[in-house]
């Protein structure tokens, strides 16, 4: 069996997109297994995750996102920008659209000005212990690693995120990130961001839950870091977030957070399902 796919990325955070707007292509029970196979960088197409375009009874379209390990997540900031560009380009929705996600219905605007740009109303960041969720108050919680002490702060921007503010990002973030990601404090696990603030510019490196490694960019993480930094009085309400993959612009208001960034459609192709490796 052969199925069509599209390869996209938002600031280097890359995805395989499957269009199920006209009907189911990959059965629900098969989706985790399929995603693990197609996202494998040696035996599949290779990606940080997979996007599924589906019809919605509540909005213009329905967004589904799976991490490369096959787990489904409520939201992905870079993913929803790519998704939105695709559905506008294919004529499934207009340039102002409403998208159903597991994190709620989001409003977006797609613009074509020197490339494709998508502005996402990400909703209001949540800081409550039960909203993150966390077993204890983690606002300023101290973590010790390799003889050093770090303070962590958490927010939920569709998925849980921890921010660790540092003076330098020139170190291997993975060991400490994994310690925090798998801490019993976070019953659902968490994404972990390391951030360096310079005025209203924040440089961020993110370890993503479900990918289980550092990615080139994370949209929900960028929003979370900006919201936490603003709450701590480190930045203003408009912030440039610099990731390894590129720039995201974050704007915070009393009621919501807006994220603006690019969305690239790299190529379209055909998958031969019988050639994928499902045993890895």
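Note: Cβ is positioned from N, Cα and C throughout, glycine not excepted.
What Swiss-Prot says about this one:
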ACT_SITE  76  active site, proton donor
ACT_SITE  218  active site, proton acceptor
BINDING   13, 67, 77, 78, 191, 208, 209, 219, 220  substrate binding site
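Features per Swiss-Prot, on structure.
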| residue | record | Cβ within 10 Å |
| --- | --- | --- |
| 13 | substrate binding site | 30 |
| 76 | active site, proton donor | 29 |
| 77 | substrate binding site | 27 |
| 191 | substrate binding site | 27 |
| 209 | substrate binding site | 22 |
| 218 | active site, proton acceptor | 35 |
| 220 | substrate binding site | 32 |
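In sequence order, 48, 49, 73, 76, 79, 159, 206, 211, 215, 218, 221 are the same-chain residues whose CB sits within 8 A of the CB centroid of 13, 67, 77, 78, 191, 208, 209, 219, 220, the residues recorded for substrate being left out. Under the three-state DSSP scheme, residue 220 (substrate binding site) falls in the helix class.
Residue 76 (active site, proton donor) is 11 Å away from residue 209 (substrate binding site) when you measure Cα to Cα.
In three-state terms derived from DSSP, residue 209 (substrate binding site) belongs to neither a helical nor a strand segment and is classed as coil. Using a 10 angstroms CA-CA radius around the residue listed as 'active site, proton donor', the recorded positions that qualify from 191, 218, 220 are 218, 220. Secondary structure from DSSP puts residue 77 (substrate binding site) in a helix. Note: the CA-CA distance between residue 218 (active site, proton acceptor) and residue 77 (substrate binding site) rounds to 7 Å.
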